[in-house]
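The following features are taken from TrEMBL:
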- H245: active site, proton acceptor (ACT_SITE)
- R48, D90, V91, K153: NADP(+) binding site (BINDING)
- H183, K187, E221, D240, K345, K350: substrate binding site (BINDING)
- 11-192: domain 'Glucose-6-phosphate dehydrogenase NAD-binding' (DOMAIN)
- 195-492: domain 'Glucose-6-phosphate dehydrogenase C-terminal' (DOMAIN)
Amino acid sequence: MNIDNPKSLIVIFGATGDLANRKLFPSLYRLYIGGKLSEQFAVVGVARRPKSNEQFRENVKDALLEAGLPPQEDEKINTFCSHFYYHPFDVQSSDSYIQLNSTLEMLDHDYQTEGNRIFYLAMAPEFFGMIASNLKSEGLTKTSGWKRLVIEKPFGRDLPSAEELNEQIRNAFSENEIYRIDHYLGKEMVQNIEVIRFANALFEPLWNNRYISNIQVTSSETLGVGDRAGYYEKSGALRDMVQNHMLQMVALLAMEPPSRLNTEEVRSEKVKVFRSLRHFSVDEVDDYFVRGQYKGGTLGDKEVIGYREEAQTSPESNTETYVAGKLLIDNFRWAGVPFYIRTGKRMAAKSTKIVIEFKNLPMNLYFPAGEEQQPNLLVIHIQPEEGITLHINAKKSGPSGETTPIKMDFSNQSTAGINTPEAYERLIYDCLRGDATNFTHWDEVALSWKFIDSISQAWAAKKATYFPNYEAGTMGPDQADMLLEKDGFQWWSFNK
Ligand code: BG6
């Protein structure tokens, strides 16, 4: 098998949905024009409403144009779209699966895909388990090549529901055939965390509780809940962002160097971080976690409504749209170093950043006692900018001998001069090549739910009578600032 140019059928369940249109089709196209998809591939779009292959190809084309892919590539786009097929489908009907199987067998023959099949579940999670079992019972997983299941979040809503789902899909696919997507793991600068840490003599020796005072991970959004309230009301920011993306970033920042850069070793180091996370009892949760819900406010020059006024939310909703937390990792490297996280909707900026704050020198000749010393900071800009900034102190030019903080900047954009690949583009390519390193293993999912569950239980038991408690267009409730202040720290916010 040519591993760099894999052959496969890709079945997308939920092919008329938002994810397929906004992310999957453009990513597949970029892989195609980048020469990373051989001609031996076909995509079968599966969804409820009836549609012909031609109509589906038109939708795909529209999605590519919508994504800003150049229309002058018309010819290429048409050839690409000719690989797309549509299959109207009822997830509950055996016949649907049997017919889908015949289509797959025919396409496998036509495109010489050697029996390789990816089943991509880009749809409502309540169907995940049922689809996986039907794929097995109707023979779709019995193929001469490899088979892989790609599954979007949410993977359950707590540990018991995640276990149940896992059992259902494990009946049909083995763990190494399951690719649980966390799209943050496909982001360029999230992948860069390991390189920054493990390829630099400058950082790794300092990457521990002797030299780091705290680590901050912020992922803020300006968007509100939009038309996703149906899902979000049951989820909230804790399940939507913290259980997956935020904890995954923490794991990459905290893990030990893996002995090799392969899937097993990297995952096993991340799992050890999850195992070392300190769990909080229901009574302790308020000391470590802050929840928030946005009220109306101004974003740029736009007035926006509060969460409780959004369509499909309850006027008394207790759902958090913001979470800040202090995590403690009880192991030798990190004992005593807080990892602060915060994420929320309708905040002042769309931005994901990591700040590593180093401890001050025990004695600094340039900052006499009582004078504020600017700590060294390493800022990893995940998005929208991609790069790193190192904040250090230097001499102010001139005769005074005073110091001044300076920044050393590295920006991906200006160095590479191109937009880095979309997270989904990488992840689909990894899945085609059978590399599961940047997908979440079941053990990571289970351990992160275990950690999250005690927090959500504490919150469910105690209504947030103070909601809504932050204004749209701000960085969240004041209590989130106090969470750091009581430890003698502050949130660092930087633009590049
Ligand atoms: C998704 C959440 O997983 O991540 C969304 O469900 C959130 O609510 C999104 O908006 C944020 O992703 P990104 O890549 O825009 O930071």
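Cβ coordinates are placed from backbone N, Cα and C, and glycine is handled just like the others.
Under the DSSP three-state reduction, V91 (NADP(+) binding site) is assigned to coil, being neither helix nor strand.
Summarising model confidence by region, the domain 'Glucose-6-phosphate dehydrogenase C-terminal' (195-492) averages a pLDDT of 94. Least crowded of the binding-site residues (D90, E221, D240), judged by neighbouring Cβ atoms within 10 Å of its own Cβ: D90.
All protein chains included, H245 (active site, proton acceptor) registers 22 other Cβ atoms within 10 Å of its own Cβ. Using Cα positions, the member of the binding-site residues R48, D90, K153, K345 nearest to the residue listed as 'active site, proton acceptor' is identified as K153.
Those residues noted as binding substrate (H183, K187, E221, D240, K345, K350) have their most widely separated CA atoms at a distance of 20 Å. In the three-state DSSP reading, D240 (substrate binding site) counts as helix.
Taking every pair among R48, D90, V91, K153, the residues listed as contacting NADP(+), the largest Cα to Cα separation comes to 21 Å.
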